[in-house]
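TrEMBL annotations:
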- HIS156: active site, proton acceptor (ACT_SITE)
- HIS156, GLU187, HIS219: Co(2+) binding site (BINDING)
Amino acid sequence: MEFAFDLYERGSKKSILVASHGTTHLDAIDRAIKPCEDLIARKFSDFNVNRVFTSDLIIRLLNKRKNLKAFNFKDALINLRERGIKEVAVQPLHIIPGSDYHELVATLNDFKVDFRSIKFGESLLFKENDYFQVADIFKKEMPDLADDELVVFMGHGTSHPANSSYALLDYVFKGSGMENFYIANLEAYPRLENLLVRIGKLDINKIYLAPFMLVAGSHARKDLAGKEDSWKTTLIKAGYQVEVIMKGLGEYKDIQAMFADKIIV
């Protein structure tokens, strides 16, 4: 069956496409993606709101495992064109402006002649102030830390130059009185082994681990907190107490608001 493309069908000639990488974990969609979509729908009540996933792998797995048909970005634009939609606003739920983000921009350029208006919003971390805003959010959301405690976020990481976004955020943490906040990446520098060198010089007893990803999906459940070869088990073996905060970025109301505020119509 079709997987909730038409989240809010209002008979309008204007649509907002909410684009995320996607996940096969339906509970994570309900907790982290749908709240962002719902807030956008409330804020832009004269627009249809549609869901698209950018990962073809996720789309195939949803179809194979759950018998759910999700739309990719190109198919969604074709669908809107065939419906006679005139104005399209795209809001990516991407964390950084990496490869996926720029692929969306490139695809959108192919459809410019098909719509009267096409607008494209920013990723969560895009402008300088975004980093300070995110830091402020997590200063409030994370536990009060003792001197011998840290918060460590797991980012995804990318070979795209936008990978530098993670280092900038770490720098902003330190400059915002959040010296005990760190971020490392799963698939690019700085990785967990680089982080271990940094924190090994400190007198740390406990680490709070949290995903710095839109959803607490497979990476969070396996690579961050799994029973074998995860960040959690690695840190425990290194002598730290570890507590996992299994919450995707899309579950935080202030992050949801940041995405909604980035929409251009």
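Quick reminder: no glycine exception, Cβ is built from N, Cα and C everywhere.
No curator has checked TrEMBL annotations; they are predicted automatically.
Everything TrEMBL records as a feature, shown here on the structure.
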| residue | record | DSSP (3 states) |
| --- | --- | --- |
| HIS156 | active site, proton acceptor | coil |
| GLU187 | Co(2+) binding site | coil |
| HIS219 | Co(2+) binding site | helix |
Alpha-carbon distance [HIS156 (active site, proton acceptor); GLU187 (Co(2+) binding site)] in Å: 6
Output field, Co(2+) shell: CB within 8 Å of site CB centroid, site HIS156, GLU187, HIS219 dropped: MET154, GLY155, GLY157, ASN185, LEU186, MET213, ASP223
Between the residue listed as 'active site, proton acceptor' and HIS219 (Co(2+) binding site), the C-alpha gap once rounded to whole angstrom: 8
Intrachain C-beta neighbours of HIS219 (Co(2+) binding site), sequence separation six or more, cut-off 8 angstroms: MET154, HIS156, LEU186, PRO211, MET213
Neighbour tally for GLU187 (Co(2+) binding site), based on other Cβ positions within 10 Å of its Cβ: 13
Neighbour tally for the residue listed as 'active site, proton acceptor', based on other Cβ positions within 10 Å of its Cβ: 20
